[in-house]
Amino acid sequence: MSDVKIAVAGAGGRMGAAVIRAAQIAGASVHSAFDRHGSAAIGKDAGTLAGTDALGVAVVDDIATALAGADAIIDFTVPSASVMLARHAAEHGLIHICGTTGFTPGESDEIAAAARAGARIVKSGNFSLGVNLLAGLVRQAAKALPGFDIEILEMHHNRKVDAPSGTALLLGQAAAEGRAVALDDVSVRVRDGHTGPREPGTIGFATLRGGTVVGEHSVILAGDREMITLSHRADDRAIFANGAVRAALWAADKPAGLYDMADVLGLKD
Ligand SMILES: NC(=O)C1=CN([C@@H]2O[C@H](COP(=O)(O)OP(=O)(O)OC[C@H]3O[C@@H](n4cnc5c(N)ncnc54)[C@H](OP(=O)(O)O)[C@@H]3O)[C@@H](O)[C@H]2O)C=CC1
Ligand SMILES: O=C(O)C1=N[C@H](C(=O)O)C[C@H](O)C1
C-alpha cells in the first residue's frame, strides 16, 4: 500500500465512488471521505458506498476532520468546493488533485494562486490517458493545417451541469496552442439564429447532453473537400479515477505548484 493518505471529496458522487474503487485497486490508502453537509452519503462506509469492500472509513461532512492527517485530496465536486479545498491545501502544504470542471476565470485564478501559496495542485479537465494523448495530436494537427476550420463536439450524460465540458476546453486550448493564438480570442461557444458565415480562424464548440454517456469528444478539422476527425470515447469513469489516483501518487515528491495530467504522464518532454 502507498503511504500517500488520500481524502476523497464528493465521496457520494459518481466520480467520488469511482475514485474510492480505483484507490482500492491501486493499493492506495483511503484515509478519509467527505461530502456536502446534508448528503445522503454521510455516515455510510466509503467502500460500501462505492460498491466494493467495506473500508472502515465513514463519510463525514466536516472537512477539517476529513483532512486532518491526509496528504492528498482527490476532488471531483463543484467549483466553489474546489476553490475552498485549494486554499486549504495551500495552508497545509497538501496535494490537491482537482478534476472539477466548470470554473469561472476568477475561480481558476484562485486555484492558481493557491498553487503559488504552497499547494501541490494537479488540475485537469480530463484525467484519462487517452484524452491527454489526443490533446497532443490536436495541437500537432491544428499547427500543420492552419487553413482548416476547427470544431469541437462533445456529448455527456443528462446529469452534467457545465458546458462546454472541461475536456472540450482542454482540447480547444491544445488547438489554440497549435495555432499560437489565445483560445479566449477565437472561441465560439454558442451559435443561434442568423450567425453569418463562419469567421476564419475561430474554434467552435458544440454540446450534446443525453442518457448515460460517460463522455465523447471529437475535434473536427474541416478543410477544402477533406475533413479529419480526432475522437475519444470514455466507456467507464474508472479511466478518470485511475488517472487521478496516479496523479496523487506522482505529486508526492513534487514541489508546490500547478501541474496538469500531461506533467504526470511525462507528455511535455
Ligand atoms: N477531470 C476529469 O477527468 C473529470 C471531471 N469530472 C468533473 O467532476 C465533477 C463531479 O462530477 P460527478 O462525480 O459526475 O458529479 P456528482 O454530482 O455525481 O458528484 C459531485 C459530488 O460532490 C459533492 N459536493 C458538492 N458540494 C460539495 C462540498 N462543498 N464538499 C464536498 N462535496 C461536495 C456532491 O454532493 P451532492 O450531490 O449532495 O450535492 C456530489 O456527491 C464535475 O465537475 C465533472 O465535470 C467528471 C469526470 C471526470
Ligand atoms: O461531468 C462528466 O461526467 C465529465 N466531465 C469532464 C469534462 O467536463 O470534460 C470529463 C469527462 O468527460 C466526464
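Here the Cβ of each residue, glycine as well, is placed from N, Cα and C on the backbone.
Noted in TrEMBL for the protein shown:
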DOMAIN    4-127  domain 'Dihydrodipicolinate reductase N-terminal'
BINDING   G10, A11, G12, G13, R14, M15, D35, G99, T100, T101, S124, G125, N126, F127  NAD(+) binding site
BINDING   R36  NADP(+) binding site
DOMAIN    130-265  domain 'Dihydrodipicolinate reductase C-terminal'
ACT_SITE  H156  active site, proton donor/acceptor
BINDING   H157, G166, T167  (S)-2,3,4,5-tetrahydrodipicolinate binding site
ACT_SITE  K160  active site, proton donor
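Feature map: TrEMBL annotations on the structure.
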{"residue": "G10", "record": "NAD(+) binding site", "Cβ neighbours (10 Å)": "27"}
{"residue": "G12", "record": "NAD(+) binding site", "Cβ neighbours (10 Å)": "20"}
{"residue": "R14", "record": "NAD(+) binding site", "Cβ neighbours (10 Å)": "16"}
{"residue": "R36", "record": "NADP(+) binding site", "Cβ neighbours (10 Å)": "16"}
{"residue": "T100", "record": "NAD(+) binding site", "Cβ neighbours (10 Å)": "24"}
{"residue": "H156", "record": "active site, proton donor/acceptor", "Cβ neighbours (10 Å)": "25"}
{"residue": "H157", "record": "(S)-2,3,4,5-tetrahydrodipicolinate binding site", "Cβ neighbours (10 Å)": "13"}
{"residue": "K160", "record": "active site, proton donor", "Cβ neighbours (10 Å)": "18"}
{"residue": "G166", "record": "(S)-2,3,4,5-tetrahydrodipicolinate binding site", "Cβ neighbours (10 Å)": "20"}
{"residue": "T167", "record": "(S)-2,3,4,5-tetrahydrodipicolinate binding site", "Cβ neighbours (10 Å)": "27"}
Around the C-beta of S124 (NAD(+) binding site), how many further C-beta atoms are within 10 angstroms, looking at every protein chain? 26
Mind checking how the domain 'Dihydrodipicolinate reductase C-terminal' (130-265) divides into helix, strand and coil residues in DSSP? 53 helix, 36 strand, 47 coil
Just give me the nearest neighbour of G10 (NAD(+) binding site) among the recorded positions R36, H156, H157, T167, Cα to Cα. R36
Measuring C-alpha to C-alpha, could you say which of the recorded positions G12, R14, D35, T100, S124, K160 are within 10 Å of T167 ((S)-2,3,4,5-tetrahydrodipicolinate binding site)? S124
Which of these recorded positions (T100, H156, K160, G166, T167) have a C-beta closer than 6 Å to some atom of ligand 2? H156, K160, G166, T167
Taking the binding-site residues G12, R14, T100, N126, H157, which residues show a Cβ-atom distance to ligand 1 below 6 Å? G12, R14, T100, N126
